[in-house]
Structures are given as structure tokens and as C-alpha cells.
């Protein structure tokens, strides 16, 4: 009857909200009547030792939902955590390990031993069933290393490679504790778990992992580029797990839409990337607003000083788990690395042959340095392949459609900038191609980590200039893996016409190039007569060319012979030739328009620089 009344009176309410309200009232009526009746009976008989009801209780037990008649959406959850105890401690099973768990554990890349059966973990049957439906019945040993101390309620900091499956490892204990907590105390309105991620893509991936592993929990993904009003309404209905980027989290906190006072679990995923993308201050603001009594977990591929500072300030006697060990290898074991030399004018034309030979007919991601290169390369490849571009100038809605199409196999090649390198939720990527040298080793690792995930095989190919062999060796040393050098692919110069202007620079980071700014991470320059490069420069020119096309509508900056940047000219770009928009290169031309605009860290031997 209650269900019928609710359906008739709240027709505008969402199906999820209606179901939640019916469940809550039924739970209150049928599970709490007996204790309430016993209490009333004892009081009538004059008993004096009867335990008083909690302050937020009714004769039917603890309140589960509050119904408010006002213009905003109905609040179907009430705050009950403060009177219910602490889930992280209440449901922490005691794992017995020989010698106990110390302050530090190290797990190699393979972990050793067989996988841990999920059914043997003693977790909620709902989780076991959901994971089995996804084909997940065992955890890798590397995941077990995270899961067991997480189940104990320990704070931890984990050093993990990309693609190790750590999301599931820390997610299972959290959702299991929340499910058991809700079953005993009822569901509160405010989130019990907060996960911070540096990118939208990673946030969406983590939220999806939580949602699919525990369908009964309400999860939300909070990031910019989407209507904030819709997110505020969802938060008002009640949320168990909130996953998001720090910027949007703070925005919602300032608006009073997100209350973190009941958070019992906080996770910082890819914490080192938070620092790189400028979220360091936001992260600390959020951590300061959380309850002191909580379980905190932090995962990072590297341990810069900022991460160590966070650990001391916000984690309680954390267990350090090293999922990499003493090995210098930073990539998963299943990834095979290749390198191939190519001139700037022919670089785009060898993508097709590489995909045919190494792509195995599956998914391939090509990473470029700039949005302009991504667009132009995707346009050229689309003449022969099903291909799309993904970068920061594309709207969030279009990005999601593009990623969905790539996941579903509607097209096989995705050309992307580094906006997609972290947390890209695309399973079964067989091949990653680095269109040019990345800015640093970390970028290389996270690009390459899109393949070979969760124990699967994959390949990564690095395209480099003839004069960048030293840079390739430096990457090998930093990553701890060796490249297999592929034979050069002959390309007729006429066949490169459809890619004219794409990737004209041959520089990139790690130096290289006769005039380029030299050392590791310095965005070295191209050599000979080739020009400065498009949209962001990444190298200056040497020789007689004025640098070819600069950014924003330039011709791409290939050598004057192919792209129109005539000798002693400043090319076609709007910012000049020496590596525009932060070019970090050098320019030896006496007539060029000068060194990098926007403060490029290069040298300039010209006599007329500006």
C-alpha cells in the first residue's frame, strides 16, 4: 500500500529515488518494530534499566530518510553517521599474517603466487556477484597487497605502476564496509567515501569501477565541463561514494551542495599527477575539511616532496606498499617497446604501416604533443582508417561520445594529446604510438600505460628523429626497459602531401637536434633547414630557415622546401619562428623573428631577435 501511495503522489520523482524511499520505509516498518515494541513494553512495566533510544531515533528505529516539502528536490537521506559508529573500524576483519604487517611492504611486478579468489574474501555477496558478472573472480597478488591492509582499516601510501588494477583493490574494502554499515545503521545523505582524481577520464573510470562493483550504492562523478546544477540535485538525493576532480569538488563545497563531514574513507589516486596539473593547493584545502577520524589511502607512481609532505600531515601512521619494488622498470611486464627513426616530413606517413604490422587489428592510440597535430593527423589518417581526435578543445559531451565510440569499436585509431594519457578508460588497447618524443619520462610512462593493462599484452612504438638516439637511450634508462629498434620505413615524399605540416618539428624533449636546447627535458630543436613547429614550438630552428609556421594557423613549420617557409623569413605563423608559445628552443637565424615567445628557455644567436 505504501508503495502505491508513493507512486501516485510522487510521480515526478526519479525511479532511483522512489525505490530508495520505499526500501527505507519498509526497512523501518518490518525490521525495527520488534525492538521498538519491546522498549515500549518494558517502559510500561516500570523497567528502569532500558537503554534510551538514540537522539535521532523514532519508535520505528533510526531514521533512514527525511522528507522535506520545499521547492528543491526531496532529501531522501538523513545524516545518521555521527550516532552510528565508524565503519572503517567496525567492519575491519583481522587478517593474520606471519610476522604481521609492518610499516612497509614490497611487492614485485609479478607478485608471485596464485590469484586470490574473491569469493574467499568474506565480502558482501552483492559484490561477489557483481564482480563475477564482469568476469572477475580472482585478484592479482599485487591487488591483494593493497586489499588486505585496506580491509584492516590502515592508512596507506602505495607506489604503483600504471595499469596494475589498484582501483579494484582499494575499492572492494570500501564498498564492502559501506554496504555493511548501511545495512546496520541505514543510509545517510552525505558521502561516506571521497576519491580525488587529477583528470576527468580517471575520475569517470574510478566511479564506474565503484558503480559496477556495487550496484546498490549511489555513486557520483564530479568534474567540470558538465552542468553543476544536475550534480547538485544528485547530491541532494543522497550519495554513498563521490569521485571527482579537486576543482569541481571545491566548487560544490563552496555552494553548500557537498558536505564532507561524514566522509570515512578518502583516496587520492595518481597523487603525483595532482601536483603536475596544479591541484596541489585544492587537494590540501579538501583534506583539511575532512573528519579527523577516517581511513586515508594515497597512490602515486612517484614520490615527490609534496607527496611526502601530504603523508606526514594527513595520514595516520601509514603503511607504505611498494608495488614496484627495487626494479627500475616502470612499465607493466606485458608491454613490448619499439622505436623507429623517421624524418619530420615522413613521420605521419608511417603511422599506417605501423598500425598494420603491430596493431593486430585492435585498438590503437597515437599520442601527439599538440591539439593542432592531433586534428591534422586524424584528418589525414581518416582517408584510409576509421579515426578520431581527442584533445582539450573538444567539448566534454563530444569527448565522451568519442571515447564511447572507441570503446565500442566504431573506430580503431584514436589520436590524442596528453589530456587522455591519464585514466583513459579504454580496455584492450593493443598499440600505443608516440608520434614524437614526449616532454618527460613520466609522460612516456603514462602514455604507454594505456596498453598492457591488468596483465594483458601490448606494444608501444616511439617515433624519433635520426639525431635523437641519445634521447631514446635516456628514456630507456629512466623507464628501465629497452627499445627494440625497427627498420626504417621508406616513404615517398609525395605520399606525405596529405599530412603536410603535421609534426614538422623533429625536436621534442630530451634535447637532440643540432641547434636545439640540448639536455634532458629541454624541448630540443630540429636540425638542418626544418622549422620551429606548430602551437607550442617545442624547438627552434637552425640553418637558414626562419622556423616555418608558428602556432595558430601556421603552415606547420616543416622545412622551407615543403611547407612554404622561405629562407630567411619568419614563416607563416603568428608568433614567429623560434618555437612559439613557450617554445624552449633556439634560433640561429639572423633574420628570424626571434627566440621563443612567451618566455622560451632557449638561446638565440641571431642578431635581430625580439
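The backbone N, Cα and C atoms fix where each Cβ goes, glycine too.
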Motif 'Q motif' per Swiss-Prot - which of 58-86, 87-115, 116-144: 116-144
Composition by DSSP (helix, strand, coil) of residues within the motif 'DEAD box' (269-272): 2 helix, 0 strand, 2 coil
Cβ packing number for residue 166 (ATP binding site), 10 Å threshold: 25
Fewest-neighbour residue among binding-site residues, criterion Cβ within 10 Å, set 160, 165, 167: 165
For the domain 'Helicase C-terminal' (350-494), mean pLDDT (0 to 100): 87
Assigned element (helix, strand, coil) containing residue 166 (ATP binding site), judged by DSSP: helix
